[in-house]
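Notes to accompany the following structure.
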């Protein structure tokens, strides 16, 4: 070492007498220099991992050690438990998953120094001692504090033992906070401009339970001003680089150089950062943290508004005392984005004051207006940052908040701004350096002061070490009375206080303080403070304004009237308080520090910025004091960010103020590990060879041993004890096994069995039925009214040909074709609406139905086509276009007539869209005679009355073929009947009005049209219900019973449905007569029931008077009794007694005859009223018309059975609709014909679906089913009811109040085979109720009276069997799903639920080695991937593979060469078809085909696999994803299927899934991460787990 300013380590080339030649300077030292040189200690030559081990404990020795390790690329060095990290300024391979595994579970010091070792020690101590831990990362700006913090966080997430989305959310909070809180400075490209304390909570098992972020002092002034060569916050540049052109257009954004707020530092680009890539990562992080797209967009809007505000300029007026906003598009854009169009200019150019009597407005000059604009911008950005932090805490800390009662331990990571000393230092630098002083004091106290006090307390012989203490500096800043911050706050209170008066007072108060440097003169605005890291001079200009940090009342008022929701959210606290609180004279009150001279006089005070920051620091220090601390001291090797440079002077300064020298000394001489005697004996007693535990007799050498040595010795001792225990236990076990050998052998033989899976047959889904030639010949060749078809001469503006050219896909023409369509004519957004075939009557695809063994009837074909249109509105135009296309240019007149019939039936069922309707109307004008006007009228009526709900009936088909109206008979309650002409669009209201006109019925209120069939009757209402829909339902009911539709005995009635107590009999005699007759018939048919027999007698007597007057004869009495008394009552009580009772009542009443009184039937008015306000419901009335609600009913419910639902109108409606579905004739429960053409699956979805989402409905469903199964004499209905109850008991249990009744209901019916099964299902479902209605497999099984749920297992080649080489065929498997559906709880349709047996893992797949596997699995799975374009292949390979595929599909039929151009999509990848013309493809494919002569189709399949097996992507699982984030070099997507990067499976270190997002880590914690959005999230995770 030389006696220079810095100690240098130098090599000696030559040693002679009085001469030393040095390396590398090649110079000779003088004599006086040689005297100060001495040999270097051996430990300093190559360096050591722990500087405590240095033999030369001096500044030069420490500096030398760091230098030597830096040159070797070793950036980490220990000083005891303190880690020194030197910023390498480059990526190092130190953070892989292998490194995580290496350091996990290792003691500190066992492995080379690493940040992972500190993180693992924190985690280990957290679990071992059950105490909170913290890691304090300190250092200058640019020393690498943020990166160290992120590495610790990533390590903790990797070892916490729980793979969930929470860890990913915590990790993804970093890029968001960095984007909004970090910026490029002259010292650091990613400098934190705010402090962050991340507290990670762990449960008792050591798994991460949540986290919380605490932020400190965002440097919000950076939004408006940046120093030279610095940038604004990262988010602005990332947003401008990452938004799409369309998004930037919406926000009117340009490049960064166009905005003043982004160019004031003169630096736009940051080398080493990709702003566009970072923006993608930010967007991905926002999604992971569940920020909605709308919220992200609102954030971008506010950021854009800030940029536009920065480009606003002001001009002076009125002698420059006031100002206006210069005309600019930026002002209008900012106003619209902030949604404060009218008040933005006033809020920036004026300031309002509230005096004792009025509000005074003061204009601002242009400089003041610019300051006001900057204040608005800073406030908005700062509040938005706080709001984002709050949102993040709400997500990552949700679990901890919800489980606040449990015990949680935490590890805190403090990443706070480093010590700063710029050319110009302002108020922010003072606060930042105060925070560093606090942390330095914490370090000093924990490392030196407390440790030495503990030695003195325990009586340890110890010589105190002198150390650098920064306590005087802290006293100057915050502790002493009249400290600097107190004086700054004090001056902020005075209205006329200025920065100059503040500086003057500070100079006068502290000029004698050694730590304070006064201003040079009264014009100098700077003062200095001697910090632990060096002397810093601060510019006092702007101190008071920044410290007040008050938001102008004008700005708060502007925000309060803004319509921007996010703006309101971020200023929520200010708006709730209606702005800042003001005193009577509108002076803003400022909080006064405790040591202030005026503190005693103030009561209501507003916190200043320094006050808020000071309280935050105090809270932080309290949190750190409660933790066991670990320290990481980050060093900057040079100021140039050079990975090779090492600036000795810079590093020496950092060594000095970091206290490393003192730390080395105390760590080397002291006792860093301290235990109580009780804890020490509990943990290390295994090391003692004696039972004596007296601390006075125990060797002191154990206490002085290093903790890691003790731990290793403890583990070895425990291992020996464990071996002894295992040896004894294994011996006992073996002896027991010998004794029980015979018995166990017998049991093993008994337990061996085989489980045979039931086999099942494949049920084909759907079939195609064509009209046979014989059926066509049976059709009439000519119709009686057939005439020559007129040629199509359409209007060119709305011609069908024009519509075809505008809207048809591909090369589809507008004329008739004889082939099937390979794709829909129109483009459909919903893939389900893409019909696989053309919807022609003569060529119909049955998409969902059983295979028929007979030809379809014309009506069945019509139902299929129209049913598609009714169930899928998006496909209606497709159906119309296919019909029109087949009519254009079709020379077959018979087919054309059927086509026009089909068209008219479709027009009467549903209308076309507005896009097609004009073209369709024009097409109809040129139709054949008879059909043109008929179809046009159908279209007009359907558009007017709306679409149908049911498919057409047989009557409509017959009427359409004859083009004549339909005749229907409508019956009245008085026995009259009328025949009316109706069409397909006719509604119940139209029929009712025509009947009323015929019978002169004027009071039509409450009358409705009814339809009845087979003793069932329901209302069609009196408005828009289609009559033919109900007729179609009746025909369907008849067809289900095996009869023909034409024989359906339906009948239409006009009845009174809604009764009113204010009905006046005199208003309309016709109405009164109809009501009178309806009530009489209802009484006789037991529709209306009385409680007492006397009431029946009273009604019969009144009817007597109405019918016969006062004349009392036995004959009239008998007729009155016959009309009013039911047969059951007459049989129960003799007819003579009824006659006597009615006659006596009649004799006592004196009533006028109905012909003499204009208010005839007044005597029955009471009866009409008591019939109930709703006869369909048969409610309780004055005559006690009651219904037994607990027994089966044939009428729908008008209100729920349970009172708990009556107050909820929505659930009441759902409950009533569910009962209608239970009554429905198809198929549950067969008591009410309604809702035609609905499958069992649709009905069970409607019955049980709402109940699974609304638990309040579950008891209602149970009650409705059991009601319909009570006193039900219909055997078929009961069977269906048991099926419903079986399904219900497997979905959700009844409530506690209903459970005992439900069990009693089931136990009381032991004869039914499903009763016991329902009881078992009830017990099982109590554990985990289902979330979705029954699956198709369950519904289908119980509908076939089977409780075993089977499902076909399909092979990839869709074959029914597999034939291995041994010749034995293996049928496709059928598995029993059973309890699987309890765990796989998801809604699905029959076509969506398929079970495949296929290859999942592709290990060592060699085509040709296993022919069965190749043909059954490998080829069917790989061929579709190839055709989708997932592989990157050459032109020659594609030609060869296309020839093989052609041979496979045509079975070597050379006559099919002509079809090659049409088959290209089945031969060539989708994205490569345009590589050549169709003829070129054909030529090359035929050439390759001829070269493959002599091979079979199966051999071609194997050859296909051999070709693609050489590709690197063979056997890969592909996922079509939307990439939302790529970091570093990891990329998987390319439009040309190029393999950009391949990573070994072992490099995939971690993955998480969340909804539609998949996150994967590759290589290491910082080497590569990938996030994507895909619906195949679960499949991706399952594939990784399987491999």
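In case you wondered, yes, glycine gets a Cβ from its N, Cα and C as well.
Because TrEMBL annotations are produced automatically, they should be read as predictions rather than curated entries.
The feature ATP binding site is assigned by TrEMBL to 139, 140, 141, 142, 143, 144, 145, 146. Taking the Cβ of residue 139 (ATP binding site) as reference, residues of its chain lying under 8 Å away and at least six apart in sequence are, in sequence order, 85, 145, 418, 419, 633, 634, 635, 636, 654, 658.
The annotation compositional bias 'Polar residues' is assigned in TrEMBL to 1160-1169.
Over the domain 'Myosin motor' (46-737) the predicted model carries a mean pLDDT of 83. The domain 'Myosin motor' feature in TrEMBL is assigned to 46-737.
Taken from TrEMBL, the feature domain 'MyTH4' applies to 816-961 (among others).
Feature annotation from TrEMBL assigns domain 'FERM' to 966-1587.
The feature domain 'MyTH4' is assigned by TrEMBL to 1192-1343 (among others).
As annotated by TrEMBL, region 'Actin-binding' applies to 617-639. Within the region 'Actin-binding' (617-639), the DSSP-based counts of helix, strand and coil residues read 9 helix, 8 strand, 6 coil.
Among the features that TrEMBL reports, region 'Disordered' is placed at 774-794 (among others).
The region 'Disordered' feature in TrEMBL is assigned to 1149-1169 (among others).
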Judged by other C-beta atoms within 10 Å of its C-beta, the most isolated of the binding-site residues 142, 144 is 142
Per DSSP, what is the residue count of the domain 'MyTH4' (816-961) in each of helix, strand and coil?
82 helix, 4 strand, 60 coil
Counting Cβ atoms within 10 Å of each candidate's own Cβ, which of the binding-site residues 140, 141, 146 comes out highest?
140
Show, in sequence order, which residues other than 139, 140, 141, 142, 143, 144, 145, 146 on the same chain lie with their Cβ within 8 Å of the centre of the Cβ atoms of the ATP site.
87, 188, 191, 418, 634, 636
Note down the number of other Cβ atoms within 10 Å of the Cβ of residue 143 (ATP binding site), including every protein chain shown.
25
Local Cβ density at residue 145 (ATP binding site) - other Cβ atoms counted within 10 Å
28
